[in-house]
Amino acid sequence: MLGILTFILVFGIIVVVHEFGHFYFAKKSGILVREFAIGMGPKIFAHIGKDGTAYTIRILPLGGYVRMAGWGDDTTEIKTGTPVSLTLADDGKVKRINLSGKKLDQTALPMQVTQFDFEDKLFIKGLVLEEEKTFAVDHDATVVEADGTEVRIAPLDVQYQNATIWGKLITNFAGPMNNFILGVVVFWVLIFMQGGVRDVDTNQFHIMPQGALAKVGVPEMAQITKIGSHEVSNWESLIQAVETETKDKTAPTLDVTISEKGSDKQVTVTPKDSQGRYLLGVQPGVKSDFLSMFVGGFTTAADSALRILSALKNLIFQPDLNKLGGPVAIFKASSDAAKNGIENILYFLAMISINIGIFNLIPIPALDGGKIVLNILEAIRRKPLKQEIETYVTLAGVVIMVVLMIAVTWNDIMRLFFR
């Protein structure tokens, strides 16, 4: 149960933060956001704000989404013959079109729609008590959809495709950008929880209680200058020295040279065997000044991003489904993190957030990266691609993503449960 809750919480935070990036910059760019949803499926709460956005909470706590006017399949489901109820404003214009049996207005006019245009000419035409009538529709009118969600209509001037090219570009980039920001913030939290940022550039190390070095009397902080015949100048050189000195050995002992007050002291220690790796019981020292901790959030996030990009490069040149993890693998990893405490959960949250940010920047049309490429092409050509071409390109990207997701999920299931 804890694993399920951790998965829902981590995935939910990451997706909502990602979608909020799109939401915020869409509004700044003059694009109408018709709905900002937390969760998926049937809605359990809805409120339409003064900004025209419907804020909803939906029953399945799995992420969320934004509906931008003119973006993707955001359309109003009204067809010829659709029965609706019209609520009129004092000036005679339609201010609400009700497609559901919910939010009924006793003063509303029943109409069977024969024609409408909510984007350009802003009118609705149909039969009212067997008589054909035409009404002007207010620019900020709302539509109550079949499930009771009330959203604003989307005239052309507030649609995605009519925003400036830079407005569209930053709107598409803002989702991944927010994932990177979330990663930095979570790493800050971790660094402050741990009392500082790891200092891997020095040979001054923290000696862990009950570790191999502590058992031979090495103090809590020690400067290790040599292991065997290998010089130690930083954390990486210490790891390499231990690996070299213990390679192909059973129950090895190590001669460790420690500098104390200008003089060297040598101790002989038996490292702890941990699944074939030999541990001295040391950790990097920490920098606890505010500036180091502040910068540490950025550097830790950057190091994580570089590792992910390196793995992605290897995956491109050496394709292997076993190197990919889908929802099942993420659930397994979140369950493992939950068993090991809050710090592991936070680290997992930061890493997955950065991972998703990078993944979304891959130039596949269904992803934010693909949309950014289309924005760049539009900027170069000084005109957008034809709508039909953009639709087909996006559809191809969706097909690729669906096939990849099915393959990865199937591979996850086979790897985790049948091997």
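Glycine too: its Cβ is placed from the backbone N, Cα and C atoms.
With a cut-off of 8 Å between CB atoms and residues at least 6 apart in sequence, the same chain places PHE36, GLY63, GLY64, TYR65, VAL66, GLY175 near GLU19 (active site), listed in sequence order. Taken from Swiss-Prot, the feature active site covers GLU19, and the record attributes it to sequence analysis.
Sequence-distant contacts of HIS22 (Zn(2+) binding site), defined by Cβ-Cβ distance under 8 angstroms and a gap of at least six in the same chain, are VAL66, MET68, THR171, ASN172, ALA174, GLY175. The Zn(2+) binding site annotation in Swiss-Prot covers HIS18, HIS22, and the record cites sequence analysis as its basis.
The transmembrane segment feature in Swiss-Prot is assigned to 169-191 (among others); the stated evidence is sequence analysis.
What Swiss-Prot lists as transmembrane segment is 345-367 (among others). Panel annotation: around the transmembrane segment (345-367), residues 6, 10-11, 13-14, 17-18, 175-180, 182-183, 186-187, 189-190, 193, 301, 304-305, 308-309, 312, 330, 333-334, 337-338, 373-374, 393-394, 396-398, 400-401 of the same chain, lying at least six beyond its termini, place a Cβ under 8 Å from a Cβ of the stretch.
Annotation source Swiss-Prot lists transmembrane segment at 388-410 (among others), citing sequence analysis.
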Cβ proximity for HIS18 (Zn(2+) binding site), under 8 A, sequence spacing 6+, ordered by residue number, returns GLY175, PRO176, ASN178, ASN179, ILE356, GLY357, ASN360
